[in-house]
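J.: Before we start, here is the structure in question, set down as C-alpha coordinates.
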Amino acid sequence: MIILGIDPGTAITGYGVIEFIGNRYKPITYSCLRTEPDLPLDLRLKKLYQGLMDIIKRYQPDCMAVEELFFNKNARTALAVGHARGIALLAGANSSIPVAEYTPLQVKQAVTGYGKAEKQQIQFMVKTLLSLPEIPKPDDVADALAVAICHAQWSSTFGGRIK
(Lines of atoms letter the chains of each structure in order from A; the text may use other names.)
(Lines give C-alpha, C1' and ligand atoms only; values in the text may rest on other atoms or scores of the structure.)
Protein backbone atom coordinates (compact mmCIF):
# COMPACT_ATOMS: atom_id res chain seq x y z
CA MET A 1 0.00 0.00 0.00
CA ILE A 2 1.34 3.43 -0.96
CA ILE A 3 0.25 6.17 1.43
CA LEU A 4 0.47 9.93 0.95
CA GLY A 5 0.62 11.71 4.31
CA ILE A 6 -0.20 15.42 4.49
CA ASP A 7 0.48 18.02 7.18
CA PRO A 8 -1.53 20.96 5.80
CA GLY A 9 -0.66 24.64 5.96
CA THR A 10 -0.91 27.61 3.62
CA ALA A 11 2.72 28.66 4.06
CA ILE A 12 4.19 25.15 4.26
CA THR A 13 2.42 21.88 3.56
CA GLY A 14 4.49 18.86 4.45
CA TYR A 15 4.03 15.66 2.50
CA GLY A 16 5.43 12.18 2.70
CA VAL A 17 4.86 9.16 0.50
CA ILE A 18 5.59 5.80 2.08
CA GLU A 19 5.05 2.20 1.10
CA PHE A 20 3.70 -0.14 3.75
CA ILE A 21 4.16 -3.85 3.07
CA GLY A 22 3.46 -6.32 5.83
CA ASN A 23 4.81 -4.51 8.87
CA ARG A 24 7.59 -2.68 7.06
CA TYR A 25 7.78 0.96 6.03
CA LYS A 26 9.67 2.21 3.01
CA PRO A 27 10.02 5.96 2.38
CA ILE A 28 9.42 6.86 -1.26
CA THR A 29 9.66 10.65 -1.13
CA TYR A 30 9.12 13.46 1.34
CA SER A 31 9.37 17.22 1.22
CA CYS A 32 7.13 20.26 1.45
CA LEU A 33 5.17 22.61 -0.73
CA ARG A 34 5.76 26.29 0.02
CA THR A 35 3.76 29.33 -0.98
CA GLU A 36 4.91 32.92 -0.96
CA PRO A 37 3.37 34.94 1.88
CA ASP A 38 2.81 37.97 -0.36
CA LEU A 39 0.54 36.03 -2.75
CA PRO A 40 -3.22 36.40 -2.34
CA LEU A 41 -4.85 33.45 -0.56
CA ASP A 42 -6.61 32.16 -3.67
CA LEU A 43 -3.31 31.92 -5.56
CA ARG A 44 -1.58 30.26 -2.61
CA LEU A 45 -4.32 27.64 -2.47
CA LYS A 46 -4.16 27.14 -6.24
CA LYS A 47 -0.39 26.56 -6.01
CA LEU A 48 -0.92 24.09 -3.17
CA TYR A 49 -3.60 22.23 -5.12
CA GLN A 50 -1.42 22.00 -8.23
CA GLY A 51 1.51 20.75 -6.16
CA LEU A 52 -0.57 18.06 -4.49
CA MET A 53 -2.04 16.95 -7.81
CA ASP A 54 1.48 16.66 -9.24
CA ILE A 55 2.54 14.47 -6.30
CA ILE A 56 -0.56 12.29 -6.69
CA LYS A 57 0.00 11.86 -10.42
CA ARG A 58 3.69 11.06 -9.97
CA TYR A 59 3.48 8.60 -7.06
CA GLN A 60 -0.08 7.26 -7.51
CA PRO A 61 -0.83 6.62 -3.84
CA ASP A 62 -3.48 4.09 -2.87
CA CYS A 63 -4.75 6.40 -0.16
CA MET A 64 -4.15 9.74 1.50
CA ALA A 65 -3.96 10.55 5.21
CA VAL A 66 -4.45 14.13 6.39
CA GLU A 67 -3.98 15.53 9.87
CA GLU A 68 -7.19 16.93 11.32
CA LEU A 69 -7.37 20.49 12.49
CA PHE A 70 -6.74 20.89 16.19
CA PHE A 71 -8.00 23.81 18.25
CA ASN A 72 -5.76 26.81 17.86
CA LYS A 73 -6.00 30.00 19.92
CA ASN A 74 -5.10 32.02 16.83
CA ALA A 75 -8.23 32.07 14.67
CA ARG A 76 -6.32 33.29 11.61
CA THR A 77 -3.90 30.35 11.83
CA ALA A 78 -6.76 27.89 12.30
CA LEU A 79 -8.56 29.27 9.24
CA ALA A 80 -5.42 29.07 7.12
CA VAL A 81 -4.84 25.45 8.11
CA GLY A 82 -8.52 24.76 7.42
CA HIS A 83 -8.18 26.16 3.90
CA ALA A 84 -5.11 24.00 3.24
CA ARG A 85 -6.88 20.91 4.63
CA GLY A 86 -9.78 21.55 2.29
CA ILE A 87 -7.42 21.74 -0.67
CA ALA A 88 -5.76 18.45 0.34
CA LEU A 89 -9.14 16.74 0.71
CA LEU A 90 -10.23 18.11 -2.67
CA ALA A 91 -7.05 16.83 -4.35
CA GLY A 92 -7.71 13.38 -2.93
CA ALA A 93 -11.37 13.41 -3.94
CA ASN A 94 -10.63 14.65 -7.46
CA SER A 95 -8.09 11.84 -7.83
CA SER A 96 -10.55 9.23 -6.51
CA ILE A 97 -8.18 8.38 -3.66
CA PRO A 98 -9.66 7.29 -0.32
CA VAL A 99 -8.86 9.94 2.30
CA ALA A 100 -8.42 9.27 6.01
CA GLU A 101 -8.20 11.94 8.68
CA TYR A 102 -6.44 11.60 12.02
CA THR A 103 -6.21 13.81 15.07
CA PRO A 104 -2.80 14.83 16.40
CA LEU A 105 -3.47 12.56 19.41
CA GLN A 106 -4.07 9.56 17.14
CA VAL A 107 -0.91 10.30 15.17
CA LYS A 108 1.19 10.54 18.34
CA GLN A 109 -0.33 7.34 19.72
CA ALA A 110 0.30 5.39 16.51
CA VAL A 111 3.88 6.59 16.02
CA THR A 112 5.18 6.64 19.60
CA GLY A 113 2.65 4.64 21.59
CA TYR A 114 1.92 7.72 23.72
CA GLY A 115 -0.80 10.24 22.82
CA LYS A 116 0.91 13.13 24.58
CA ALA A 117 4.35 12.61 23.04
CA GLU A 118 6.54 15.64 22.41
CA LYS A 119 7.45 16.71 18.89
CA GLN A 120 11.04 15.47 19.33
CA GLN A 121 9.82 11.99 20.27
CA ILE A 122 7.62 11.84 17.17
CA GLN A 123 10.46 13.01 14.93
CA PHE A 124 12.83 10.44 16.41
CA MET A 125 10.33 7.63 15.81
CA VAL A 126 9.67 8.77 12.23
CA LYS A 127 13.42 8.68 11.58
CA THR A 128 13.72 5.26 13.22
CA LEU A 129 10.66 3.60 11.66
CA LEU A 130 11.58 4.77 8.16
CA SER A 131 15.34 4.14 8.63
CA LEU A 132 16.13 7.71 7.58
CA PRO A 133 19.65 9.13 7.89
CA GLU A 134 18.31 12.21 9.71
CA ILE A 135 15.10 13.77 10.96
CA PRO A 136 13.23 15.32 8.03
CA LYS A 137 13.08 19.12 7.98
CA PRO A 138 11.12 21.29 8.26
CA ASP A 139 8.93 19.87 11.03
CA ASP A 140 5.95 19.78 8.65
CA VAL A 141 7.66 17.05 6.62
CA ALA A 142 8.27 14.82 9.65
CA ASP A 143 4.65 15.45 10.70
CA ALA A 144 3.37 14.39 7.26
CA LEU A 145 5.39 11.18 7.43
CA ALA A 146 3.99 10.57 10.92
CA VAL A 147 0.44 10.91 9.54
CA ALA A 148 1.26 8.35 6.82
CA ILE A 149 2.71 5.96 9.43
CA CYS A 150 -0.41 6.49 11.54
CA HIS A 151 -2.61 5.48 8.62
CA ALA A 152 -0.52 2.38 8.01
CA GLN A 153 -0.93 1.43 11.68
CA TRP A 154 -4.69 2.07 11.71
CA SER A 155 -5.18 0.27 8.41
CA SER A 156 -3.34 -2.84 9.54
CA THR A 157 -4.95 -2.86 12.99
CA PHE A 158 -8.47 -1.54 12.49
CA GLY A 159 -9.03 -1.56 8.76
CA GLY A 160 -8.39 2.17 8.42
CA ARG A 161 -10.40 5.22 9.25
CA ILE A 162 -11.49 6.30 5.80
CA LYS A 163 -14.07 9.07 5.79
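Numbers run from 1 along the shown chain.
Backbone N, Cα and C define each Cβ position, glycine as well.
Okay, so Swiss-Prot annotates it like this:
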- Asp7: active site (ACT_SITE)
- Glu67: active site (ACT_SITE)
- Asp140: active site (ACT_SITE)
- Asp7, Asp140: Mg(2+) 1 binding site (BINDING)
- Glu67: Mg(2+) 2 binding site (BINDING)
J.: Note down the number of other Cβ atoms within 10 Å of the Cβ of Asp140 (active site), including every protein chain shown.
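T.: The answer is 24 other Cβ atoms.
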J.: Rounded to a whole number, how many Å is the Cα of Glu67 (active site) away from the Cα of Asp140 (active site)?
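T.: About 11 Å separates the two Cα atoms.
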J.: Can you tell me the three-state DSSP label for Asp7 (active site)?
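T.: Reduced to three states, the DSSP call for Asp7 (active site) is strand.
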J.: What does the structure give for the C-alpha distance between Asp140 (active site) and Asp7 (active site)? Integer Å is fine.
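T.: A Cα-Cα distance of 6 Å.
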J.: Where does Glu67 (active site) sit by DSSP, helix, strand or coil?
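T.: Where Glu67 (active site) sits, the three-state DSSP reduction gives strand.
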J.: List, in sequence order, the same-chain residues at least six positions removed whose CB sits under 8 Å from that of Asp7 (active site)?
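T.: Counting only residues 6 or more apart in sequence, the Cβ neighbours of Asp7 (active site) under 8 Å are Thr13, Gly14, Tyr15, Glu67, Asp140, Val141, Asp143, Ala144, Val147.
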